[in-house]
Structures are given as C-alpha cells and as structure tokens.
Ligand code: SF4
Ligand code: SF4
C-alpha cells in the first residue's frame, strides 16, 4: 500500500480506478448520465495497463461483451445508466442462470430526481427480479472499495454482481485513496461448457435449480460484507447507499439520537446482521434513495423472524418518494418519527422580492441541431403540413423547447421510429410522421426500427441528426465515425436517402420539402443532416474559430434571428436590434443566412473555419 | 471546521473546474472535501449549481439556509440561490449578466439587480471578474479571479495556505498557469475592499 495517494476524485472515476486495482481486463458501456465517466476514465487511463475498454452501440451489446469475457474467465465490468439496464435485460436475466467464471460486475447509475432522465427507476428491483446481488456505495471512496469487493464476490460465487450508484455518488468528488492498478486478469482461453452456457430448455431447467442453490450461499456470504453498525441508541436508522451519509449528518450535527446500520447489500439482505441490530431497537427508521426496496424486504424479514418493532420509511411517506433525498427531507422525516424539533427549520433564511426568470437549457451557440429544427419548422409550415414530430433521446431533445416545439413524443432510446409507426398505423395512415433521431441513438436502437419501417411499408420522413458524436453525455465517439448511415439506409431498402448540411439553410429546406412529397407518395425517406457538434468542433480547432457580428446600421430589429434560431450568442438590445456576444459566437453562419436584411456579417476567415468544422 | 460553499451560475461557466480546484486544495491541506455537481442535460445555457463542503462533513448536499458563502458567477443566478442563504451568509457576486435566451419577461439592468442585492443582503461583495479578466487578455481567467476573491474574502488562508491553492491551480488547470496565478492574485484584492 506504499504507493497510494489521496486525491479528490469523481465517484465514477473512483469506480473505474477501483476496477483497475482489482485487475479488470474488459470494460464495455453505453454513455448515459450519470454513468458515462467510468468508461471515459478507462479509455484514458486503462490502456497503458492493458485494459480493454469500449463504447458499445447499445447497453445490450455492452452487456454481452463484458458477460462473454467473464464467461471465458476474464474480470470485466459493464456500465450504463438506470434506464440503459432495461435495454440489457435480456442477457441480464440469463446471466444469472449461466453464472460466470471471471468476476463480472454490472454498474448501473440511477438518477433519482431525474436530473437527466425520463424516469426514476430503482435498479435494486432488478437484482431481486434476476437473482443478482446488489452492492450499494455511499461515497466515492466507498464506491472504489465496493467495486473491488464486488468483483471478488462475483468471482468467488461464479455469479454476476450488480453495483447500484446514484447521481450523488457517481457525480460527487471526494477524497479517494488511489493505488496502483493490478495486472489485468484476462482469460487463459475459453473452455467450452455447452451444458452451462447454452440455455436450451433442458439445460436451463437444471440451471435454475443450481441458481437457487447459489443464491442461498450468496445470502449467507453477504452477512460478511462490510456493513457498518454504529451503536448509540434504541432508535435504529437502517440505510443503504448515500442515505447513510445523511443519517450520519443527522446524528453528528443535528441532534438525532439513534444507532445506524448501513447495509452494503440491499439485495439480498444480510438477515442475521439486520435481526441482531433490530432486536436491540425499539423503533426502526429506514432511509434509502429511490423506492422502498430495503423497507419492503425488511418488513418481510421481521415477519418471518417474528420480531415486532415499528418500522417507518418511504412506505409511510416519512421521506419523499419523488426526487432525491436531501438533508432537509431526511431531517423532516427523522424528527417527525422521533418527535423532536428539527434545528434546520429554525435557520433564518432570507428572501428577496424578485423572482429570477427561468433559464431552461438551450442549444449551444452554433449547434447544428438548432439549425435543423429551424429548417424543419420553416419547411413544414410552408407546405402547410401538420406533422407529428416523434422525438428521441439526445441533445436534440431540447427541440421540445421554444421556439421550436418540435418534439411531440419522446419516451426512450430509439422510440422515435417505433412510436411514429404506431401513430401512423393507429391513425390509419392519416398522419405525416417525422421521427427525429441522432446518430448514436440511430445505431443504438433506431436501426432495427428502420428495417421494420421498410419491411412493413410504413411511410415516414426520418431525420437523422448526425453531429458525429454522442453529444448529450459529453461527446463520446460512436459508430458514425466509421460506418456510413447512407449505405445502411440504402442497404435496407430506402430509396430516398439524402445527406445535407444543416448550415446550408436553403438546401436543407428544399430537401425536407421534397422528402415530404416522397412520404406522401407512400415511401420511406431518410435525410441525414450532418454537421459536427459545435462544442467538439471548437474544442478540436482552437484558434481557427471565426465569428459573426451585427451591423447595427443595417439591423432593422425584426427579431427573426433571435426569435427563430434562439442562438444564445444573439442578444436583443433595448431597441430590439440584435447584438452578438463575441465571446459566445462560434461562427456557424446560420443567423447570417436567416437575416432578411443582410445585417449579420462575418469577422475572420469564415470559409476556412467552416471547412475545418465540416471535416469532423 | 465546517464550510459550506454554494456555487451558482450558468452551464458553460466552468463551475465544476472551480470547485475541483477548491476541493483539491482543501484535501491537499488535510481536510475532507465533497464536491457535488447538479448538471442535467450536461451542456450549456441552463442554471447550474455546485455544492462544495469542506471539513467535518458526510453528506454531499448543503442544507437549505446552510451556506456559509454563496458564489454567484452570474448575477441573476444569485437570486436563485437565496434558498441556501441565511442572514449571515456571505454573497460574492460576479458583475456579469447572462440573458436567458427566449425570455419574454423584461430583465432588469445589471445596476438594478445589484441594487436589489445591496438592499437585501448584509454581507455582499460584488466582484468585477469579467472586466478584470478581459484586461488580462481573456475572459477564461474570470473563474480564477473569483477564486482569489473567495480566498481573500473568507480568509481561507487560515485553513489552506496560499501555496497549496496555487499548487492545486497548477495541477487542475494545466494550461496558461502563469496567467491563472496572476488572475488569482488579482482576485485577492476583493478581500480588502467591501
Ligand atoms: S454565427 Fe450566429 S447563429 Fe452561429 S453561433 Fe454565431 S451568433 Fe450564433
Ligand atoms: S434578423 Fe437581421 S435585421 Fe432582424 S433582428 Fe436579426 S440582425 Fe436584425
């Protein structure tokens, strides 16, 4: 342990480093907030130690890559956000049957509070559903320790293990003791075991019995996980994950008198550890982030053990069931349960009689998606069409906001095509449907849906907004850099395939209009709107960026530029004329094309810059 | 010792980098530190806040009314942060207004906003980091100037020696170190004047 140092580290980086300290060989994932930084760290830091890491095209593929490696005997992890795990459910359920040879840990990052997600989903349920044990860390250091433990646990039982984090662990930076990585544990060679690895019904039936036997040894083994018990009082708080830190604060700083038991494995429960602690208590309060997973199991357990103490938690609405825990909500619940005064409510807060305007997230200056939405809006309005805009997951989800309002539905990765087809058929062909999907999402789950549209002859205009990266999660690479979307669309039988540059506003509008007539004639049309993400383009080309400015004499204050493309760099002045903030403009040229009075002029070598940008 | 520092601003202003420099410096000086960022759609333009907690702490988020200091990188966002303030909270506000695009409602001028803050907040420090940075040649130094202001106004030298925070700037910013160290020194002046 001599070569260890303490560093401020992001929870996700700590997880990645912990996996390296445990000697992982293979890591795969699909980006999704708040999980993305794990694979990023391994791509940046793992290679020199011999770790193989990849961004897969979706979570199911990522799962299979890591699972396959573990079947062969390598140590591996797979990472994704909570909803990503739904995409991987198919191999996940089976992986508990086959078991694994090398340690295999599934890292799923939940997002209570939905900071960047379409739902709150507590993946500890998945552990119960699939017979996969769940480890839950409470801070970055603990996350690093637990990923190592989980890998060892998995290898010891020959069984997959899940680690569930939440935003407040994955996206918290804290002190972490960082040590040298271990040599990656690759497999010496895959040993064929069809009776175990081939899940035909006869094999699967035998394996289910084996799985249940394994599960009961796992139930015994979790008793020895590093659960924390702090004795102090007849009131007992039971927590798992980040809730432990709130309980500690409550006891240390805010006058709550209670013992605390933090359970490392909410699935399965360490039955003995819990009954020991509960028999010493008069009252049990369960605090957990997400659903009452711990609480429900605890109630069942104590019924079995014939122990009767009052148990309170989310099921009694003691703590918020929507959104994440805060120290305020935890203290509200605790003081209610214990009948004491909440010191936090007596803090004299202040108020000012001015409510600041909302600041919804917007497209970045120069975002090619903003241009695409502008063009789509203009061309559909001009042709008098009233299409259904079937949106999807990515930066372009922001097209839901003013002034675009061009996402009528938006539920999950790749849903734009599928739901669009449903709406087309459900309205008996009366609706013009325009699915809007990004490049990464297209490769994720758009592809099979495109095949379906052609195969089942469902007319739609599919816009693929290809900005060359998975931008929403921070610019991860995806297959678009290697594989031609045009060729794919043609190969599956789409006749009308066009590629346009959203920065060429005239051509973009003409093409969209033409494509709509193809769809009205019963065809499937694909338009690929290709232009690199503005953030990535400026990052890669520092020093080359040219800009635009408004010639105040020429500007007639019509508002078209700032009202229709909503570039954050364009600011309306008091006199309603436009002004471009030179520190924000990235010179995409769209506002200049949109201005009917030629009032927006280039500054610097715009041609060269846009050429460089187009090379992405 | 327990210090709750609440940072607020607009996505893209570099709050996370700022918090990392600060948190890392605290750890180098032997304290515990937790930095929690709330970013939704991870890119720019929206309101962003970052909780930095130093010392005797366990949970990542600051309680409402519990901030010792609120650092607003943008003046409108200072108003959104008042939930975290109490009567003793020090406000350090950058004299910079970033207009939310597409807002129909009229936005008060920067002077009006500043006066509103002065009327309501006892311990208010307004810093001109944006123009200081422009003078230094690039607005990217805005953050480091604010860091200097925070360091001097809160007298953080009691806990984190200046050499340690400079070390953290070197390790975490990596680019244009000399200019950033100058920017930090420029920020220090705000601790002397109210
Ligand atoms: S050229 Fe116009 S639209 Fe493009 S980034 Fe600059 S101000 Fe915004
Ligand atoms: S579109 Fe042209 S004329 Fe109209 S406000 Fe913008 S710059 Fe001025």
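Numbering starts at 1 and runs along the chain as displayed.
Glycine too: its Cβ is placed from the backbone N, Cα and C atoms.
What you see is a predicted model, and the numbers here were worked out from it, not measured in a lab.
Annotated [4Fe-4S] cluster 1-binding residues in TrEMBL are A:555, A:558, A:561, and among A:367, A:395, A:588, A:595 the one listed with them is A:595. Residues from the binding-site residues list (A:567, A:591, A:595) with a C-beta closer than 6 Å to any atom of ligand 2: A:595.
Here the binding-site residues are A:567, A:588, A:591, A:595; the one with the fewest Cβ atoms within 10 Å of its Cβ is A:595. Put plainly, the binding-site residues A:555, A:558, A:561, A:585 were compared by Cβ crowding within 10 Å, and the winner is A:561. Selection of the binding-site residues A:555, A:558, A:561, A:595 by a Cβ distance under 6 Å from ligand 1 yields an empty set. Annotation note: residue A:591 ([4Fe-4S] cluster 2 binding site) sits in a helical segment as assigned by DSSP. Cα-Cα distances to residue A:591 ([4Fe-4S] cluster 2 binding site) place A:561 within 10 Å, out of the binding-site residues A:555, A:558, A:561.
Note: the CA-CA distance between residue A:595 ([4Fe-4S] cluster 1 binding site) and residue A:567 ([4Fe-4S] cluster 2 binding site) rounds to 13 Å. Apart from A:567, A:585, A:588, A:591, the [4Fe-4S] cluster 2 site neighbourhood in this chain, defined by C-beta within 8 angstroms of the site C-beta centre, holds A:365, A:366, A:548, A:565, A:569, A:570, A:580, A:586, A:587, A:589, A:590, A:592.
In this structure, residue A:585 ([4Fe-4S] cluster 2 binding site) belongs to neither helix nor strand by DSSP; it is coil.
Listed binding-site residues A:555, A:558, A:588, A:591, A:595 compared with chain B at a CB cut-off under 8 A give none as close ones.
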